[in-house]
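Novice: Let me give you the structure first, and then I'll get to my questions.
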Amino acid sequence: MIFILSPGDGPLWLERYFSTVGNSILILRPLNITFENCPAATWCKVRRLEPCAATKEDALLENASQSNESDDTSTDQSPEPTAPLKETSFSIGLQVVFPFLLAGFGTVAAGMVLDIVQHWTVFTDVSEVFILVPALLGLKGNLEMTLASRLSTAANIGHMDTAKDMWKMIMGNLALIQVQATVVGFLASIAAVIFGWIPEGHFKLGHAVLLCASSVATAFIASLLLGLIMIGVIVASRKVGINPDNVATPIAASLGDLITLSLLAEYNDYANPLVCAVFVAMCPLWVLIARKIPSTREVLYCGWEPVIIAMAISSVGGLILDKTVTNPNFAGMAVFTPVINGVGGNLVAVQASRISTYLHMNGIPMGDPNPAPRKCPTPCTSFFGSTVNSRSARVLFLLVAPGHLVFLYTINSLRGGHTTLTPIFITFYLFAALLQVMILLYLADWMVHWMWGRGMDPDNFSIPYLTALGDLLGTGFLALCFHLRWFIGDRDTNVGN
């Protein structure tokens, strides 16, 4: 397959492969092949053609290009970028396992924080705060993981090779997530007020103001801190030769839950509506910055649907948490919910980011009007296929059970959760975690390709849906585990009353 691209249409790293001869002939340096009157193509819709027969004139140009290359001693020639490494199952696992464990311990810390603060006065008096928890924790999937996936893809395809391009991407994406965080934080508080008002039948203005102020402030500050961390991780990963797709999203997960929950717990005691108003008033500034960058302009105009729908899905999970965390028969929900949700969202975000990068780097046209027919994937093709994406799905799935066992042992050693880890509970918990991740990885394979075929960038659209579904499935399965455990009589003095 030969890549055909007009000069000036592609990013810097892709143009380095080409040398222009005249006005219409392109030489593909690695293969030393020339073509006349090549059709123009934009970088994101690179056309792939079978090698064609070269003319005599082409052959002469090819020989000339080879001799010129051998004699070329120019000092301003740009170095060719490093080709993507062929990843084996071992290399994928080696790169993923350490960020995965780091992310898991971050969710364990977040669970311990929630296990403690659930007894604070603000959480007992304003129980709707629990509805905010999955929605605000889901921001790492809606915003930070999406940011990490977007920047990882940009770094892998060369959009951050120069300092100018890198700073444009950084400023545009930081401004974008601040707008999204402010709006989603406000909408999450509205959802919490509505879900709290419907069962009780009466509206409490003081609770609404507290929820709004704490939600917006938490979302804004957490997104700013995590955005800066993500940018540093991605830039550092490229410098040391690590695929950012494998490390950026797990680190976002590891810090996202802990930072968000800590801010939510602390700010609830000092919630000030004026601070919320200041953050909202800054939105026009972030909009102006994000509009200047083409890649973020599109997301600013068209990327609200997945973020808002994902927030609503996570809020349903929050409603489940709100109704179970105060039930003594479900003691332990608070500490285990961030762990099972975080691990599932972490793994599916890595897979979605990898598939999206694979589609970008292989030059497959996004939204092709005449796409090649692709059958709906089955679980067998998603997990047992021969492609690199199936290989990574197997690696990620195999990390679930040992990872959760490590996290359960850590929680038990720290004496968190108000529950004893019996063999029956561990069996139920691991089955729920494996089922959650299996469903999410399968959905990721289907959803990313489906969105790509319809012209929607999976980096912006898929991860919010997948992590929100992970929150809903994780919270629901975990509640079912506690219910079944109590139903079959697996009880001890630390569970229930």
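Including glycine, each Cβ sits where the backbone N, Cα and C put it.
Note: TrEMBL annotation is automatic and uncurated.
Okay, these came from TrEMBL:
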| type | residues | note |
| --- | --- | --- |
| REGION | 61-83 | region 'Disordered' |
| TRANSMEM | 96-114 | transmembrane segment |
| DOMAIN | 133-264 | domain 'SLC41A/MgtE integral membrane' |
| TRANSMEM | 174-199 | transmembrane segment |
| TRANSMEM | 205-235 | transmembrane segment |
| TRANSMEM | 247-264 | transmembrane segment |
| TRANSMEM | 270-289 | transmembrane segment |
| TRANSMEM | 301-321 | transmembrane segment |
| DOMAIN | 337-480 | domain 'SLC41A/MgtE integral membrane' |
| TRANSMEM | 393-411 | transmembrane segment |
| TRANSMEM | 423-443 | transmembrane segment |
| TRANSMEM | 463-482 | transmembrane segment |
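Walk me through where these features lie, including what they touch and how far apart they are.
Specialist: For the domain 'SLC41A/MgtE integral membrane' (133-264), residue counts in helix, strand and coil come to 118 helix, 0 strand, 14 coil, using DSSP.
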Novice: Given pairs 6 or more apart, does the transmembrane segment (174-199) have at least three Cβ pairs under 8 Å with the transmembrane segment (393-411)?
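Specialist: No, the transmembrane segment (174-199) does not contact the transmembrane segment (393-411).
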Novice: Which residues, given as numbers and ranges, are at least 6 beyond the ends of the transmembrane segment (393-411) yet have a Cβ under 8 Å from it?
Specialist: 89, 92-93, 96-97, 100-101, 104-105, 107-108, 111-112, 335-336, 339-340, 343, 347, 350-351, 382-384, 417, 421, 426, 429-430, 433-434, 437-438, 441, 445
Novice: For the transmembrane segment (301-321), give me same-chain residues lying six or more residues beyond its boundaries with a C-beta closer than 8 angstroms to one of its C-beta atoms, as numbers and ranges.
Specialist: 130-135, 137-138, 141-143, 180, 183-184, 187-188, 191-192, 195, 333-334, 337, 341, 460-462, 464-465, 467-469, 471-472, 474-476, 479
Novice: Which sequence positions outside the transmembrane segment (463-482), separated from its termini by at least 6 residues, show Cβ-Cβ distances below 8 Å to it?
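Specialist: Apart from its flanks, the transmembrane segment (463-482) reaches 134, 137-138, 140-142, 145-146, 149, 249, 306-307, 309-311, 313-314, 316-318, 320-321, 324, 329-330, 332-333, 336-337, 340-341, 344-345, 348-349, 352-353, 425, 428-429, 432-433, 435-436, 439-440, 443-444, 447.
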